[in-house]
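These features come from Swiss-Prot:
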- Gly207, Glu208, Ala209, Gly210, Val211, Gly212, Lys213, Thr214: ATP 1 binding site (BINDING)
- Gly608, Pro609, Thr610, Gly611, Val612, Gly613, Lys614, Thr615: ATP 2 binding site (BINDING)
- 392-526: coiled coil (COILED)
- 3-147: domain 'Clp R' (DOMAIN)
- 6-71: region 'Repeat 1' (REGION)
- 84-147: region 'Repeat 2' (REGION)
- 160-341: region 'NBD1' (REGION)
- 342-548: region 'Linker' (REGION)
- 515-534: region 'Disordered' (REGION)
- 558-766: region 'NBD2' (REGION)
- 767-866: region 'C-terminal' (REGION)
Amino acid sequence: MDTEKLTTMSRDAVTAAVRLALTKGNPTAEPVHLLHAMLMVPESSVAPLLKAVGADAARVDGAASAAIDKLPSSSGSSVAQPQLSGALARVLADAETRADKLGDQFVSTEHLLIALAEVDSDAKNILASNGVTTAALEKAFNDSRGDKRITSAESEGGESALDKYSIDLTQRAKDGKLDPVIGRDSEIRRVAQVLSRRTKNNPVLIGEAGVGKTAVVEGLAQRIVKGDVPDSLKGRRLVSLDLASMVAGAKYRGEFEERLKAVLNEIKSAEGQIITFIDELHTVVGAGASEGSMDASNMLKPLLARGELRLIGATTLDEYREHIEKDPALERRFQQVYVGEPSVEDTVAILRGLRERYEAHHKVRITDSALVAAAQLSHRYITGRQLPDKAIDLVDEAASRLRMEIDSSPEEIDTLRRQVDRLTMEQFAVEKEEDPGSKARLARINSDLADAKEQLRGLEARWAAEKEGLNKVGELKTRIDALRTEADKHTRDGDLAKASEILYGEIPELNKQLDEASAAEEDSQGKSMVSEEVTSDDIAEVVSAWTGVPVGKMLEGESEKLLDMENRIGKRLVGQQAAVKAVSDAVRRSRAGISDPNRPTGSFMFLGPTGVGKTELAKALADFLFDDETAMVRIDMSEYMEKHSVSRLVGAPPGYVGYEEGGQLTEAVRRRPYSVVLLDEIEKAHPDVFNILLQVLDDGRLTDGQGRTVDFRNVILIMTSNLGSQFMADPSMSPEERRNQVMAVVKDHFRPEFLNRLDEIVLFDELSREDLDKIVDISLDKLNRRLAERRISIDVSAAAREWLARTGYDPVYGARPLRRLIQTTVEDQLARAMLAGTISDDQKVSVDMNQAGDGVDVKGEAPVSA
């Protein structure tokens, strides 16, 4: 026979039979080899067909293996490639004849099985002994496949290539397996309009990842099922083509094209009854292409142009530009339908529509405030992703976290279990003692253990009852959802009596049970051990886990912290009350929602002499806002003095070295969008740097070298400068005169459009002698914290503190001389003493004035008491 007429599975079965004969050393491949090989293929339709006629496939396979073992065999290196026996050749010829009579274009494994039952051989005897006859097989085969015919090498047992390489979305909609689609009416209507055209009726959905392109197609499938579509689309099948399955396992050249051609022929022969959907449409360009073969897009073009294939595509803007637009012949066959990101209000509506599905899945209750919080917080805090996808993910993860907490033991039970374990171990240890004290202790332990076990049993019973109540609510919701799907099916089938029975009988009864169970849960919520409600707090915790922003910064506690901002930062930063107040006011305006949400949280320029706390305020601000001092991006602008170095901030342009690395500023903010950005010594930067910063200050965004938009809306931008510091140290000027002089210098150096975009220009005052006293205390506290790891404590006398403040005071250089003084006088002496062994761990150290009164002495005292 012509082996080209065998289906892929039949060809594989014959090849496996020959290989089996070679392995066993048989000179020829017999029908029993083929029978055994067909039963060894997991995807084969042979085993189900045998089952349909009442035979046991495993028993048939065992008999075939036993028959193969009885065949003549030879061993050694001289074993030749087995040939097909005469009986097997007759089986193949008989199968081909049967296929032709049945109108099949290819010979499947079912045809081979029927032929094995017909042609005289050991295989026929095995099948007959198991009650398998040709007539029974033919009847079962025809019943299973109906009017389907094998029209391609990929078809098997009447299974169409389309069913094999696609997912029927309309069937999934009938089965209630698709999530409800809320909104998107205009996009679905536009898709329906394009599909109703005579030619080029192929819409392509274009939009950012996560905006709901696939949901539009699922919405169309649901409308087709309900009949809520134009007449030209009523009763149509909407199938999603699975290109990955089509390419997977295509071993031979032309096999992929053969599979795709079979699918396309089926769609074409359906005469418009099938609408095809390809997600990630750009994958058809180049799919299956190899030397001398045609890719999928070129095979689709003729059908698309003639209107014989109604295809819906979905892809992102970038992929469309990169793949589809490069092929004008393919692009012109599609009509673009843009799918934009929904608003926060629309996202809340979408979440409300999905709530029931997620409640049933996680068996928890999701409050409306949680849905609103998910939409608002994801829009505000999660950048780089689109609504509604990111909001749905928030709700899903928050519900998942709560479900895990419900399934885990509550803290009270965990504590009691550990207590029972500890008392049990103590009981075993004390039981061996015979003295009266131990016996009294044992009695006390036994009493405590009995009480703990009794308490634990009560809590475990209560917890089990609460879990049962929660699970009951979830199960009721799942049953109601399944009944609604069943009612829809009966309505479509015209069985209105059954649909009415479900809608007006079974569902109301279940709803009543659900209300009772929910009411019981709500009554016990105040005293329950586990919560079953997803609230806005849970959503905020997930946002915190994703972005690193502390939860307390987004909920009620934020207002108290913001109102106390000056005092909290003042504990760390001495003096500069005006600077702290200016920064605090700007942050409060932003968090209260009064300032422009499309600009950075705050943008400040700190002016003043060195060592007065400009950088320290930036660190304190990062610690206050983000509970982490390291949440600060520090860039030394003296590194950006040359024109060519400016591009390092946003990344090298395409074609230049370092293009893939991104920019120092943009990458830092992209990875950590909630941070304080400190641009130190801003006056040293090249003027072109300020052109870049204009976009950040005005729009809160910046495009990097790779074309990605980086969001600066949640960044506090701080620039420091020493410009005009000579006037700050002039005692002959009043504060107003000093400010005017400094601002004159600043205006000469920076352009007006740059200065005009800043929230505040803050002038730092010189540190006073009194300020130095406080800084001494702060510096010594830091030293004490560093030494705490070695359990060493330092006690500095008042005289020594006063001397350090007096000697370290320098109005020109600020607080830095004091830091150096503490380093050279206290830390150096301490280090020498520790190395010499005169001061060791767990020891108290005293610091006092020396006898000459021109320095301090560091001495070890008694060990620190435990």
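Cβ atoms here come from the backbone N, Cα and C positions, even for glycine.
What Swiss-Prot annotates, mapped onto the structure for a quick look.
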residue : record             : CB count, 10 Å
Gly207  : ATP 1 binding site : 21
Glu208  : ATP 1 binding site : 16
Ala209  : ATP 1 binding site : 13
Gly210  : ATP 1 binding site : 17
Gly212  : ATP 1 binding site : 28
Gly608  : ATP 2 binding site : 25
Pro609  : ATP 2 binding site : 21
Thr610  : ATP 2 binding site : 14
Lys614  : ATP 2 binding site : 27
Thr615  : ATP 2 binding site : 17
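With a cut-off of 8 Å between CB atoms and residues at least 6 apart in sequence, the same chain places Asp279, Ala314 near Thr214 (ATP 1 binding site), listed in sequence order. Shown for the region 'Repeat 1' (6-71): DSSP residue counts in helix, strand and coil, namely 48 helix, 3 strand, 15 coil. Averaged over the region 'Linker' (342-548), the predicted model reaches a pLDDT of 83. For the pair Val211 (ATP 1 binding site) and Thr615 (ATP 2 binding site), the Cα-Cα distance reads 42 Å. Cβ contacts within 10 Å of Gly613 (ATP 2 binding site), excluding its own Cβ and spanning all protein chains shown: 25.
A 10 Å radius around the C-alpha of Gly611 (ATP 2 binding site) takes in none of the binding-site residues listed as Glu208, Ala209, Lys213. A sphere of 10 angstroms centred on the C-beta of Val612 (ATP 2 binding site) encloses 27 other C-beta atoms. For Glu208 (ATP 1 binding site), the nearest neighbour among the binding-site residues Gly608, Pro609, Thr610, Lys614, judged by Cα separation, is Lys614.
Looking only at the binding-site residues Pro609, Thr610, Thr615, the one with its C-alpha closest to Gly207 (ATP 1 binding site) is Thr615. Separating the Cα atoms of Gly210 (ATP 1 binding site) and Thr615 (ATP 2 binding site) is a whole-number distance of 40 Å. In space, Ala209 is the closest of the binding-site residues Ala209, Gly212, Lys213 to Pro609 (ATP 2 binding site), judged by Cα positions. With a cut-off of 8 Å between CB atoms and residues at least 6 apart in sequence, the same chain places Leu205, Ile206, Gly207, Ala314, Thr315, Val339 near Lys213 (ATP 1 binding site), listed in sequence order. On the backbone, the CA of Thr615 (ATP 2 binding site) and the CA of Ala209 (ATP 1 binding site) stand 40 Å apart. In the three-state DSSP classification, Gly210 (ATP 1 binding site) falls within coil.
Using DSSP to sort the residues of the domain 'Clp R' (3-147) gives these counts of helix, strand and coil: 97 helix, 6 strand, 42 coil.
The DSSP breakdown of the region 'C-terminal' (767-866), given as helix, strand and coil counts, is 53 helix, 21 strand, 26 coil. Excluding the listed site residues Gly207, Glu208, Ala209, Gly210, Val211, Gly212, Lys213, Thr214, the same chain places Thr316, Val339, Glu341, Gln386, Asp389 with Cβ atoms within 8 Å of the centre of the ATP 1 site Cβ atoms. Of Gly608, Thr610, Val612, Gly613, Lys614, all annotated as binding-site residues, the residue with the shortest Cα distance to Gly212 (ATP 1 binding site) is Lys614.
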